[in-house]
Amino acid sequence: MTNNCKITFKNQLKALLGKAILLKKKKRKETITEFTQGIQYIIVLVILHYTIPNVITLNTYSPVGLGYPTSGFPLCYVSNVPFNQTSNLHLLLNSTQLPISQIVQFPNEQSLIDSYKSNPQSITYGISFNNIDYQNNILDYNILLNSTFQNTQLISIVQNLFLSTFAEIKGITTTTTTTLSSIEEFPNLTSSVSVSSYLYVIYLPLLFLFSLQQLLVTSVTERKNHIKEVMKVMGLKELVYWVTIIIVQTITNVINILLVMVVLYFTKTLTTSLNPVMLFLQFLLYSFSMVAIGIILSNLVDTPKTASAISSFLLLILVGVSCFYQFYLKSKTSSSWLRSILFLFSPCAFGEFLYKMGNDQQMMLTTNWSDPQVKISFLFLIIDIFLYFTIAWYITELYKDNTDENSITKSFTFFLSLSYWKSIFNLRSSSSSSSLPLLNNNNNCNNNNTSPSSSSSSQSSPLNKPLLSGDSDDDENDIGIRLVNLKKTYKNPITKETVNAVNDVSYTIKKGTILALLGQNGSGKTSTIGMLNGMRSPSSGDAFINGLSIKYDMDKIRENGIGLCHQSNILYDEFTCAEHIALYSRLKGLFVDGGGANGDNKRIMMDNFIMESLGEVNLVDKKDTQSIKLSGGMKRRLCLAISLIGNPSILLLDEPSSGLDSLSQHMICELLQRKKPNKTIILTTHNLDSAELLGDKICIMTSGKVKAMGSSLELKNQFNLGYILTIVYDKSLSLLQPPNINQQFESFFFNKFNDSTQSKQNLKNIQSFYNIFNNNNNENNSNNSDGSSSSSDSSSSKDVLLNIKNNNNNNNNNEERGFSSGQRDLELEYSLTHQSTDVITEFLEELESRQDEFKIKRISMSMTTLDEVFLKVSEEETINKNKQPTS
């Protein structure tokens, strides 16, 4: 089904937001925990707030000598003296010689406190006079001190002022010892150190810990399971992915913040004097910094459990630093540079506001926007958010082009490169990818050969006569994929040696072609697929997909349509088959929901498309089954259906038949054959039967090099593998016939097929055949076993044997091969290159008619399988490696 894909930022954002919401619904326990975790913290905070007794700390003040400067402090007083002592109070105040403008009277202490609350910075101290009697030497007063004022000697200054004035009025000239009866800090505090001062700074920064862990678990799991990267291969923009995470986390955090604030205000842990908007904005800014930290860690950590543990440890450490500063360093130093450095950690900047809030709540004061501590906290939180998101962008870009390996391939100064910004804004010249470089015919596959000096010694090896497609005169419009000296190297983490995963590979694949990529584990198949889909960056060389470079135009390649069936199952355990198809279809921009009747039609089209896609892989009956309940084969079929969404022109299938039964494999082969027109398909597989059935071209890789490439028949001819003819002589002939019993047959056979060869084991089998009976040499029994095992291996082809005539149908196979009682028939094998059916039929008919003449007991013929080609290539590679000198 062909569909017009509308890949836009908006459509992809809607698709991912829908996925996130659906995932939240599916994971109900985690979602409920995420929304209630903050309330659990706050409930503990409320309990501690109301159960832990206040710790009272008394400040000690020592008097200072007379003459200590007293100017500059406004005098606020309250008169509680009897009416007959009013004149005594006025005399005392006038004798202080303070300017009248600095003396302010309040009718009572409550009015003084209210004035202080409205503007704490305007009132430094206050005095409440209770009794002034000069005759009886009585001066009774209370000093109310602003506890936020930094000069702790102010109490002594005020005491000295009034005691010295009182002494002058009395005419006292000698030193008078005065006992200070009481000191009361202003306003009247319940404690000097309250629960709020500590618990806010400790508990509230941990409010978003669980939310941070959930962000990391989700994003790291999607990267670890390759879900994110497959989405990117299908056209997902990196920015859309992270914007979705920010939006989802912000919504989650806002709900958490509102719930927490309701609990705090409802339980009166916070008074209404604290502006709720200020508190909300502080929480919100701090939550943004946590999201940025989560994005940074998600790019650096490989497993969800490790990410969760690291985030917890990191946040606890930062909260500890914040507490150390607020409760210890702050009272020891007033260094602004130290504060600035610490406030670059958002828990420390947030802790500054929380400490101020706790003190104000303790003193029943209003926390104002103009307060320096509030301003500094807001300023540094904004700076932290900008800094953290910049670091997150930098880390993301470093790992962006090699996320399948989670390793750095870009330069650490990539942002200083002009080419980087050109690629960001699509300013790169199109000339670099407008025309494809032509392959050198001499380099099509033989680029991996040894030096010229060694070529002569291996001239006869089929590996030195590679058969490749991709001639230089191919029409560029017909080329789907072209690899040009593509190379990928790694550093072995243990030996530190350079490993060539893909070693200078060059070939082309035409449109409408299926290329089966074969090789042992570690041969470079997956690395090649990874470079073609952009999940791994090439070390050198390039590849062109529909004329676009994988190094410079990967975004365009993905936009134009590329399907990937990753070797891992890119599935969400909680989603059903239908939900997976719907998600990836929306990412591709298919059937985007609209309003009204048009929207209804698109939803109907989406439902029909889901049924069609699942029908192609025979999963309609599993439409509403969660993927975690599917078998391994069903998961692979679902992944294949996902890769076909949007009718991509390029299909990269990495082990699509893994875990499939024979019936499912046959069904997948038929599906790919139907989808093949106008598509370029590369599939890797270890199922050689499927490769032979599907592959228009078959490429065999070993040690990162292309060793052979061509159609199945071409490869068999290249390695002299077409048919295997097996003839058997009865064991009784060893006593009657001369040793050249097969000479007459071979003369006939090689006249018919002069390019055929006989098995190397034939000569040994003939020698053993006669030695057993004529010499009765027991030592040759071991040779018999060797010969029979070789011939058994040679005749163990998977195809159905064509039995022309069997003169002893009742004999057991093992008895025929001489494994019983040390006796066996003589078995000889001959290899024929691929021949037409008519030639083979004519030959077999003639051979059958002359079977008695040649004294042949049995004739069989099998067709060579791709397994034998694969084994030939592997054997040749092993021999070549053993011949190489070791350093």
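Every residue, even glycine, has its Cβ placed from backbone N, Cα and C.
For 38-58 (among others), the entry in Swiss-Prot reads transmembrane segment.
Residues annotated as transmembrane segment in Swiss-Prot, with sequence analysis given as evidence: 198-218 (among others). Packing against the transmembrane segment (198-218) from elsewhere in the chain are residues 23, 30, 33-34, 37-38, 41-42, 44-45, 48-49, 245, 249, 252-253, 256-257, 260, 283, 286-287, 290-291, 293-295, 297-298, 301, 304, 307-308, 311-312, 315-316, 318-319, 322-323, 326-327, 347, 350-351, 354-355, 357-358: each is 6 or more residues past its ends and has a CB under 8 Å from a CB in it.
Feature annotation from Swiss-Prot assigns transmembrane segment to 245-265 (among others).
Marked as transmembrane segment by Swiss-Prot: 277-297 (among others).
What Swiss-Prot records for 309-329 (among others) is transmembrane segment.
The transmembrane segment annotation in Swiss-Prot covers 335-355 (among others), and the record cites sequence analysis as its basis.
Residues or ranges marked as transmembrane segment by Swiss-Prot on the basis of sequence analysis: 376-396 (among others).
For 443-469 (among others), the entry in Swiss-Prot reads compositional bias 'Low complexity'.
What Swiss-Prot records for 443-474 (among others) is region 'Disordered'.
Under the heading domain 'ABC transporter', Swiss-Prot lists 481-728, citing sequence analysis as support.
Under the heading ATP binding site, Swiss-Prot lists G519, Q520, N521, G522, S523, G524, K525, T526, citing sequence analysis as support. Its Cβ taken as reference, N521 (ATP binding site) is surrounded by 7 other Cβ atoms within 10 Å in the chains shown.
The compositional bias 'Low complexity' annotation in Swiss-Prot covers 774-797 (among others).
If you look up Swiss-Prot, you'll see 774-799 (among others) marked as region 'Disordered'.
Each of the binding-site residues G519, G522, G524 was scored by the number of other CB atoms within 10 A of its CB, and the lowest score belongs to G522.
Within the chain carrying the transmembrane segment (376-396), a Cβ under 8 angstroms from the stretch's Cβ atoms is held by residues 238, 242, 281-282, 285-286, 288-289, 292-293, 295-296, 299-300, 339-340, 343-346, 349-350, 352-353, 356, 415, all 6 or more beyond its ends.
Reduced to three states, the DSSP call for G519 (ATP binding site) is strand. Taking the centroid of the Cβ atoms of G519, Q520, N521, G522, S523, G524, K525, T526 as the ATP site, the other same-chain residues with Cβ within 8 Å of it are S527, M701, T702.
In the three-state DSSP classification, T526 (ATP binding site) falls within a helix.
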